[in-house]
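A.B. asks: Sharing a structure with you now.
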Amino acid sequence: MEKIVILTGAGISAESGLGTFRDEGGLWAQHRIEDVATPEGFARDPALVQEFYNMRRLQAAQAQPNTAHVALARLQRDFPGEVVIVTQNVDGLHEKAGATGVLHMHGQLDSALCSACGQRWPAPMRMTVGEPCPSCKTSTARPDIVWFGEMPYFMDQIFDHLVSADIFAAIGTSGQVYPAAGFVQEAAAAGAHTIELNLDPSAVVSQFDDTRFGPATRTVPVWVEELLAR
Ligand code: APR
């Protein structure tokens, strides 16, 4: 049975109105990573960090999946093989489009995490500083987001998928953040056919067998149609 492993990044949600990180005017042009996306930043100013993720959580809650998310959910449903979606995104749009079993390697906006005991629970739309953990009752709640310097989630499962992939696709990611940017190398080394679908060439574009440039809402549905028509 053929297996397709798909990595998505912020670019797949751009046409749903959610900002990317490194494009012109992106999130990292508006906020310093060290202030809002590191454990040190959270320790220094938890209110600033909670506010940053409250803003993103509200935007994600109001966003709708676009035709690229919908096409991937259809591929999962109709492809006569296994389709695994690994996402760096935290916006939940893959699930809103009907995708299942999505591996959120950078966490999720709709989840809260207790720094003390590791308990997770559904995050309120607005998380406040000192939110008590429902389990250990300490007030060390944080957004369930993987920050720079922290280990991404599901890495063992992801590597197991990469080494058994027949096709690996990267969609809407700049290829500047590891370990995700190294996934194409893992998949290619294991014999997968690799394809990049991106608005612009990523930092690792040369490592792909095939590339499709353009907006995800155009390139992804075409690519999915081709796969389903084989
Ligand atoms: N269609 C397809 N690709 C697009 C579109 C679009 N409409 N708009 C932008 N892109 C592409 C850009 O060309 C860029 O290569 O999406 C990519 C977005 O890159 P980044 O902003 O770097 O986002 P991403 O690669 O997901 O970042 C990875 O970095 O800051 C961390 O945790 C954060 O998960 C994030 C990680």
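Heads up, the Cβ atoms here are built off N, Cα and C, so glycines get one too.
Marked as active site, proton acceptor by TrEMBL: HIS106. Residues or ranges marked as NAD(+) binding site in TrEMBL: 9-28, 88-91, 172-174, ALA216. Summarising the annotation, TrEMBL assigns substrate binding site to TYR53, ARG56. Feature annotation from TrEMBL assigns Zn(2+) binding site to CYS114, CYS117, CYS133, CYS136. The domain 'Deacetylase sirtuin-type' annotation in TrEMBL covers 1-230.
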A.B. asks: Would you mind pulling the DSSP three-state label for GLY172 (NAD(+) binding site)?
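C.D. replies: Looking at the DSSP assignment, GLY172 (NAD(+) binding site) belongs to neither helix nor strand, so coil.
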A.B. asks: On the 0 to 100 pLDDT scale, where does the domain 'Deacetylase sirtuin-type' (1-230) sit on average?
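C.D. replies: On average, pLDDT over the domain 'Deacetylase sirtuin-type' (1-230) sits at 97.
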A.B. asks: Under a threshold of 6 Å between Cβ and any atom of ligand 1, which of the recorded positions GLY9, GLY17, TYR53, ARG56, GLN88, HIS106 are retained?
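C.D. replies: Checking each Cβ against ligand 1, the ones under 6 Å are GLY9, GLN88, HIS106.
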A.B. asks: Per residue, counting other C-beta atoms within 10 angstroms of the C-beta, which of the binding-site residues GLY9, GLY25 reaches the highest number?
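C.D. replies: Of GLY9, GLY25, the one with the most crowded Cβ is GLY9.
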A.B. asks: Given the recorded positions ARG56, HIS106, CYS114, CYS133, CYS136, state which is nearest to GLY25 (NAD(+) binding site) when distance is taken between Cα atoms.
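C.D. replies: Comparing Cα positions, the closest of these recorded positions turns out to be ARG56.
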A.B. asks: Could you state the CA-to-CA distance between TYR53 (substrate binding site) and HIS106 (active site, proton acceptor) to the nearest Å?
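C.D. replies: Their Cα atoms are separated by 13 Å.
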A.B. asks: If you measure C-alpha to C-alpha, which of ARG56, HIS106, CYS114, CYS117, CYS133, CYS136 (recorded positions) come within 10 angstroms of GLN88 (NAD(+) binding site)?
C.D. replies: HIS106
A.B. asks: Once CYS114, CYS117, CYS133, CYS136 are set aside, which residues in the chain still have Cβ within 8 Å of the Cβ centroid of the Zn(2+) site?
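C.D. replies: Once CYS114, CYS117, CYS133, CYS136 are set aside, the remaining close residues are SER115, ALA116, GLY118, GLN119, PRO134, SER135, LYS137, THR138, THR140, ALA141.
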A.B. asks: Please report the Cα separation of SER13 (NAD(+) binding site) and ARG56 (substrate binding site) in Å, rounded to an integer.
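C.D. replies: Here the two Cα atoms are 13 Å apart.
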A.B. asks: List the same-chain residues at least 6 positions away in sequence whose Cβ sits under 8 Å from the Cβ of CYS114 (Zn(2+) binding site), in sequence order, or say none.
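C.D. replies: Listed in sequence order, they are ARG120, CYS133, SER135, CYS136, THR138, THR140, ALA141, ARG142.
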A.B. asks: Based on Cβ atoms within 10 Å, give me the single least packed residue among the binding-site residues CYS133, CYS136.
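C.D. replies: With the binding-site residues CYS133, CYS136, fewest surrounding Cβ atoms within 10 Å: CYS136.
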A.B. asks: Given the binding-site residues PHE21, TYR53, which one's Cβ is surrounded by the fewest other Cβ atoms within 10 Å?
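C.D. replies: It is PHE21 that, of the binding-site residues PHE21, TYR53, has the fewest other Cβ atoms within 10 Å.
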A.B. asks: Calculate the distance in Å between the alpha carbons (Cα) of ARG56 (substrate binding site) and GLY17 (NAD(+) binding site), and round it to a whole number.
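C.D. replies: Answer for this pair: 11 Å between alpha carbons.
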A.B. asks: List the Cα distance (Å, whole number) between PHE21 (NAD(+) binding site) and CYS117 (Zn(2+) binding site).
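C.D. replies: Cα-Cα, rounded: 30 Å.
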